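K.L.:
Quick one: the structure is below, and I'll ask about it shortly.
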Amino acid sequence: MSDKSEARDSSPSSPVAPVAPADPPAPPDGGLQAWLQVAAGFFLWFNSWGFVNTFGVYQTYYELDLLRTSSASDISWIGSFQVFLLMFGGFLVGPLYDMGYVRHIVAVGGFFVVFGQMMLSLCTSYWQVFLAQGLTQGLGATMLFHPGVAVLTSGWFSSRLALAAGIAAAGSVILPIVFNRLEPQIGFGWATRVLGFISLATMTFTALVVKAKSLPPAPRRFFDPESFKDLAYVLDLVGCFWIFLGLYVPSFFIVLYSVQSGFTTGSFSAYLLAILNAGSIPGRLLPTALAGKLGVFNVLTPCAAAAAIICFCLIAVMNAAGIIVISVFFGFFSGSLAALAPMSLVALTLPDRKRIGTRLGMGFAVAGVGLLIGNPISGAILGSSRFTWAWVFGGLAIAVGALVCFLIMIVQRRRKA
């Protein structure tokens, strides 16, 4: 009798208690594999935002030499389209990342960046530069930048996530310094090719080591309409648009401003962008580490306000010392905004990690529109007036973004209350 009862209990028709799904393992928050992903993230930013941050030097070179028959607004469309593709392409790259094609995306993106850089070294006309730098490198950069953000948020870090993201973001400031050192010595063509070879070497390493810790159970959607029910997230989209509308105005035009105003000579002016980008290194590290303790928006808001004030201060610059000081401080705070903006989108999504990819893609797309139109608007202002109104435009745009971030802080505090 007991044998039959046991047989009955073990038969397929017997009810079986459901097994609760196991909790995902805690992030290692360190270790060889985790820090290799930080190195990979560093080079992914290096080969995406790094080339974008170099455009201020290219802008000046194009206006004074290669594309001197084109207007400042026309030339700025090249860099703006490049960074627009970098940001907006997350809509397409995100689902491929979620399906596990991380290394495939990185390899293809690396090819586009290297190929575009090599072709740029041979360009002699506007449309050639636009295709090589604006289109080809823009497509490659979007395949590198978005995995660079997603890999670090895929479960490798928890308490050290802000520090890891800051270290990775610091990779975007190296290439302008290298170009500044090489171009006067070996010329535009070979300086551009050297950057291409550096990109080839670093992307080979990155494609071999990059690895997502965990992936969503299903590819993410391109668009999440439910996100628009979250007031804080909607405000963050608005804030990102305004911040990025004005953020790269100084980076694109500060070198040209210094040369045409007579503050610095042509040979030294090339170093202004290097100084600005060097200032952004601590700007990407210190505020992101602080954000891990104080909260992202408690750091993002004052950084945005400071960047707006410094942009206005460009109006009062009267000599080389002044523009160098402005470059250092604006570099610091612009670097903090570039690193904290993605963190703000993630912070408003956690702990729901499965929606991070979608929300990041939507946020980057909105910011990309700001980047696309902001610099050409400034270039058009330069074509009809002095630099003063370009700085006013950039400062006002960032200031509006800072105000929106302050509103997000109020919304979050009311929710907690």
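Quick reminder: no glycine exception, Cβ is built from N, Cα and C everywhere.
Just so it is clear, the model here is predicted, and its values are computed rather than measured.
Here TrEMBL flags 1-26 as region 'Disordered'. If you look up TrEMBL, you'll see 10-20 marked as compositional bias 'Low complexity'. What TrEMBL records for 34-55, 75-93, 105-129, 135-154, 161-179, 191-210, 231-256, 268-287, 294-317, 323-348, 360-382, 388-411 is transmembrane segment. Residues or ranges marked as domain 'Major facilitator superfamily (MFS) profile' by TrEMBL: 232-417.
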K.L.:
For the transmembrane segment (323-348), which partner among 75-93, 105-129, 191-210, 268-287, 360-382 gives the most CB pairs under 8 Å?
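P.N.:
Answer, by Cβ pair count: 268-287.
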K.L.:
Thinking of Cβ pairs under 8 Å, which stretch from 34-55, 75-93, 135-154, 231-256, 388-411 has the most of them with the transmembrane segment (294-317)?
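P.N.:
By Cβ pairs under 8 Å, 388-411 leads among 34-55, 75-93, 135-154, 231-256, 388-411.
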K.L.:
Count the CB pairs under 8 A between the transmembrane segment (268-287) and each of 34-55, 105-129, 135-154, 191-210, 360-382, then give me the winner.
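P.N.:
Ranked by Cβ pairs under 8 Å, first place goes to 34-55.
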K.L.:
Do the transmembrane segment (191-210) and the transmembrane segment (388-411) share at least 3 Cβ pairs closer than 8 Å, excluding pairs fewer than 6 residues apart in sequence?
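P.N.:
Output no: the transmembrane segment (191-210) is apart from the transmembrane segment (388-411).
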K.L.:
Go through 75-93, 105-129, 231-256, 388-411 and flag the stretch with the largest number of C-beta pairs under 8 Å relative to the transmembrane segment (135-154).
P.N.:
105-129
K.L.:
Take the C-beta pairs under 8 A between the transmembrane segment (231-256) and each of 34-55, 75-93, 105-129, 360-382, 388-411. Which stretch has the highest count?
P.N.:
388-411
K.L.:
Against the transmembrane segment (105-129), which of these stretches has the most C-beta pairs under 8 Å: 34-55, 75-93, 360-382?
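P.N.:
The stretch with the most contacts is 34-55.
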